[in-house]
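Participant: First the structure, which I've put down as structure tokens, then a few questions once you've had a look.
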Amino acid sequence: MTFVVASLPIRSEKDLDKIPRLLDADFVELRLDYSTSLPEIQVIEKYKDRIIVTIRDVDEGGINKIDPEIKAEYLIELNKKNILYDVEAKFAKKYNIPTSNKIVSIHYLDRVPSYSEVFESLRDFIKESFLLKVAVIGKDGYKELLSKLLELEKIAVMPIGVNPLERIAFSILGSKLIYGHAGEETAKGQFHYKVAKQILDYLTSISISSPSILTG
């Protein structure tokens, strides 16, 4: 099953008021790095079953630099509240961030790494994480890499800066998450999340009514 995620930039706490309108998605990603300060956890806790909290590092595609010590403390508090978050693999290792039942991610914005490089970066998180997430720039070799990564059981893969239909294609092939924007792209190559949801719902209905269409 692929979960549809509506990615929402949070520049101020007023943006949190948009969450209820996005709950037709499976999850709402709160991109807290769009602000220079982090909201009080109790403000978002009421949505804990439907949100993914992301404080993306600038070198992995984030917007504003958040003090790493503050980010680490915030993520640890989120863990205590059982709130799902997405943390970069290297940040989790450096600051000993809890990753059990969380999303552990890695982003390659300017090159396509080898499979072994990606696997070694994520190896320690395979068993305990909720999902692994790998995003790779759409340069030579990215399709082969992402397809190979889909052999892992709990993984979401996404190409960056390519035709949005490719994200749909990787979802069909087994990627567990597809991110869409909620009016403002948070990554190149995103559909609006409602469009992504409509396409996947349609493909699911086809596969149920006529399985041979998608399976051959």
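Heads up, residue numbers simply count up from 1 along the chain you see.
Positions of Cβ are set from backbone N, Cα and C atoms, glycine also.
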Participant: Select one of Arg21, Arg50, Arg56: the residue that Swiss-Prot places in the 3-dehydroquinate site alongside Ser7, Glu29, Leu30, Arg31, Arg167, Thr186, Gln190.
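Facilitator: Matched candidate out of Arg21, Arg50, Arg56, per Swiss-Prot for 3-dehydroquinate with Ser7, Glu29, Leu30, Arg31, Arg167, Thr186, Gln190: Arg56.
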Participant: Sorry to bug you, but what's the C-alpha spacing from His107 (active site, proton donor/acceptor) to Ser7 (3-dehydroquinate binding site), rounded to the closest Å?
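Facilitator: His107 (active site, proton donor/acceptor) has its Cα 16 Å from the Cα of Ser7 (3-dehydroquinate binding site).
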Participant: Find, for the listed recorded positions Arg31, Arg56, His107, Lys133, Arg167, the residue with the lowest Cβ contact count at a 10 Å cut-off, counting only other Cβ atoms.
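Facilitator: His107, out of the recorded positions Arg31, Arg56, His107, Lys133, Arg167, has the fewest neighbouring Cβ atoms within 10 Å.
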Participant: Starting from the Cα of Lys133 (active site, schiff-base intermediate with substrate), work out which of the binding-site residues (Glu29, Leu30, Arg31, Arg167, Thr186, Gln190) are within 10 Å.
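Facilitator: The binding-site residues passing the 10 Å Cα test: none.
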